[in-house]
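So that you can see what the record holds, here are the features copied from Swiss-Prot:
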type	residues	note
DISULFID	CYS305-CYS371	disulfide bond
DISULFID	CYS334-CYS402	disulfide bond
DISULFID	CYS338-CYS404	disulfide bond
CARBOHYD	ASN71	N-linked glycosylation site
CARBOHYD	ASN172	N-linked glycosylation site
CARBOHYD	ASN343	N-linked glycosylation site
SIGNAL	1-18	signal peptide
Amino acid sequence: MASLGVILFFVIASLIHGKPIHSERKAAKIPLEGSNLGYKKPNNIYGSRLSQGMRYPPSMMQLYQTLILGNDTDLSILEYPVLQESDAVLSLIAKSCVVVGNRWTLSFDMSSISSSNELKLAELRIRLPSFERSQDVTVEIYHTKEGQENLFMGSFKTNPSVAMGSSWKIFNLTRMLQYYLHQGEPFTNVEYIEVKNMHERAKPHVIKRGVRAEVEEGLQRNKDNTPASSFPTERVVLVVFTRDKPTASHFGSPSLIHTVESSKYVMSENTVRVTDTRRPRRNQKTKNTIVMNTIPSRSVGKTLCRRVDMIVDFEKIEWGDRIVYPKRFNAYRCEGACPIPLNETFKPTNHAYIKSLVKLYDQEKVECSSCVPVKMSPLSMLLYEDGEVVLKHHEDMIVDECGCN
């Protein structure tokens, strides 16, 4: 992984341009309209083909690079613990940005924010012009979906010019989104959210200013007929950190399954997830070792269980349009025969060792143990999901050690 990280660093570094743009989630009572409440298989077995030229925020590439290289110092005070708890990061570019006087109306398609996940952190990141004058503004947040009415999520007050320095400003919207996911209604508490510069990235705090009796109506409500203006949507990004809720499935986290179901290749029903089994330490370890060593292992006439290379090239398995990075990686695999009886070299469970002894004295009674992964590590992937770029952390993707079980 270390060498892979170094290689990816130079590949990624050459593609990053401009300044980077830089969530506990519970089940929603009333989800967002059009939200992803569960994976639905597309009619086309390939899913929706994604354009090779689809844009993705440079910040997502930078975050992926930081994760691969393990450079925790590049993370903010708030991002560091959140990343440890999250397995997906979603970056949503605004659909529209309308400014009417001191009122900003920002719209995002939040369909990708699934109520089946835990919301860990939500940050609104805005790049303001350097000449922006200092004034208090009211920011309204809407969920918008093509062909549907805009849904008001909530609003807050702030003065974006207070934090001098970086043109990128950060606002913590975690509470607003969590409130909607919990209550199924707009966040009507008008609060003052302190702005932070991108380079500070310290944890912003919220100062309550009071409760508004009525929710503002309309995307472009303008009582004083102040001329409306707008600024580029790519300067407004909503970054959401999430975590999949545990399921009862023996396959473990469903995130990877959701990703691959739209591929040409579908996971077999016979696929079995091998978990990391650990043999408990006990005082009889010396005795067990003596027993194992005094019974000679039979020659199986084959190469013994070991780890070998297995290069996964996403282009060759037709995932190239979906995976941004890495385009290929070494997942490794286990192959070879298991000796009879087993010894500590092959990291057997107690059951596997006993079974190998039974096999030694009664060939027909049990089958041979299999060479399988006994220790695995995760892989972070930058990929397209529902038209958005997502950073996902998939467990059990790379074989670290093989053994007989």
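Positions of Cβ are set from backbone N, Cα and C atoms, glycine also.
Recorded features from Swiss-Prot, shown on the structure.
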residue: ASN172; record: N-linked glycosylation site; DSSP (3 states): strand
residue: CYS305; record: disulfide bond; DSSP (3 states): coil
residue: CYS334; record: disulfide bond; DSSP (3 states): strand
residue: ASN343; record: N-linked glycosylation site; DSSP (3 states): coil
residue: CYS371; record: disulfide bond; DSSP (3 states): strand
residue: CYS402; record: disulfide bond; DSSP (3 states): strand
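The disulfide-bonded residues CYS334, CYS371, CYS402, CYS404 differ in how many other CB atoms lie within 10 Å of their CB, and the one with the most is CYS404. Here CYS338 (disulfide bond) is positioned 6 angstrom away from CYS305 (disulfide bond), judged by their C-alpha atoms. Ranking the recorded positions ASN172, CYS371, CYS402 by Cα distance from CYS338 (disulfide bond) puts CYS371 first. Of all Cβ atoms in the protein chains displayed, 24 besides its own lie within 10 Å of the Cβ of CYS305 (disulfide bond).
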